[in-house]
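A.B. asks: Below is the structure I would like to discuss, written out as structure tokens.
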2 protein chains.
Amino acid sequence: MAGPSFKFGQHVLQASCVFFKSRLSIGFVNRKPVVPGHVLVSPLRVVERFGELSSEEVADLFMATQTISGVVEKHFQGTSLTMAIQDGPEAGQTVKHVHVHILPRRSGDFPQNDEVYEALAKHDKEMGEDARWRTEEEMAEEASVLAKYFNCQVDSS
Amino acid sequence: MAGPSFKFGQHVLQASCVFFKSRLSIGFVNRKPVVPGHVLVSPLRVVERFGELSSEEVADLFMATQTISGVVEKHFQGTSLTMAIQDGPEAGQTVKHVHVHILPRRSGDFPQNDEVYEALAKHDKEMGEDARWRTEEEMAEEASVLAKYFNCQVDSS
């Protein structure tokens, strides 16, 4: 994987965290996964709201989501998937860049199935003692393992 | 709106509840919305898991999702949108047919922003005293109002 970085809203995303790239979208690991294999998919273009995406971007984003979700479900031995978009601040969006959350699910991963959402809503807030964010090395390692499933070269061009 | 019904997994969906139809997808109101304007979008073909959709179905489904989400956000005076897919039983899927939940959101709609998910996880379970499902007349009325936003004739062909 080459190339320095991608834009993810107001953040800079190291290319080492990106494991998938299509013409208009990227898939990347995240700093504070709610479950093992919780990854994100975004359009390459920095667009805040879902409604601002072009039809081409929408199609590419969700074909990427389909491809990636199949891989993370398999790799992390899930049996189901939770997929969610927080589109706008009142939906809990914190990064101003459209992104799809993909979470491999399995029986018993949360005491109550729907607690995943509570965890999801809290996952990118920096607070409390459980706010351990992963290092870039940890993230790069996971991205590198996932990248092997895809026949694509990730760079930031 | 003509035509008797559509298949929604194991259920039969009256055409009167369907307010949007594209080549491969439908949008419809639901019996127990979590917030006003909580609607669903599905591929026309009965497919249980997201991974089983063709690329064409994926593209059509999310272009429909984009179109519909813009309309329900506007019509129900939301300022954000929550979109979610429960893909498989361990993710809370009860109807065996891929469907995207679209929920217009606004400030203060839930005491805590993420309580929407708890409500979403419970919304289609028939239990307790708060399990009032809407009548077909109520649903048809809402669908009829929403259908006016779309330049499409809904039938079950």
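Cβ coordinates come from backbone N, Cα and C, glycine included.
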A.B. asks: Looking at B:27-31, B:72-76, B:97-101, B:152-156, which one does TrEMBL call motif 'Histidine triad motif'?
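C.D. replies: That would be B:97-101, the stretch labelled motif 'Histidine triad motif' in TrEMBL.
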A.B. asks: Tell me, if you would, which residue among B:H11, B:H99, B:H101 (recorded positions) has the fewest other CB atoms within 10 Å in the structure shown?
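C.D. replies: If we count Cβ atoms within 10 Å for the recorded positions B:H11, B:H99, B:H101, the smallest count is at B:H11.
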A.B. asks: Can you give me the Cα-Cα distance between B:Y117 (site 'Important for induction of apoptosis') and B:N30 (substrate binding site) in Å, rounded to a whole number?
C.D. replies: 16
A.B. asks: Between the binding-site residues B:Q93, B:T94, whose Cβ has more other Cβ atoms within 10 Å than any of the rest?
C.D. replies: B:Q93
A.B. asks: Go through the recorded positions B:H11, B:G92, B:T94, B:V95, B:H99 for me and flag any whose C-beta is under 8 angstroms from a C-beta on chain A.
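C.D. replies: Correct list, in sequence order: B:G92.
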A.B. asks: Between B:Q93 (substrate binding site) and B:H99 (active site, tele-AMP-histidine intermediate), what C-alpha distance do you get in Å?
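C.D. replies: Spelling it out, the Cα of B:Q93 (substrate binding site) and the Cα of B:H99 (active site, tele-AMP-histidine intermediate) are 9 Å apart.
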A.B. asks: Going by Cα-Cα distance, pick out whichever of the binding-site residues B:H11, B:N30, B:Q86, B:G92 is nearest to B:H99 (active site, tele-AMP-histidine intermediate).
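C.D. replies: Closest recorded candidate to B:H99 (active site, tele-AMP-histidine intermediate) by Cα: B:Q86.
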A.B. asks: Using only the Cα atoms of B:H11, B:N30, B:Q86, B:G92, B:Q93, B:T94, B:V95, B:H101, which the record gives as binding substrate, return the largest interatomic distance in Å, rounded to a whole number.
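C.D. replies: So the maximum pairwise Cα distance among the substrate binders is 17 Å.
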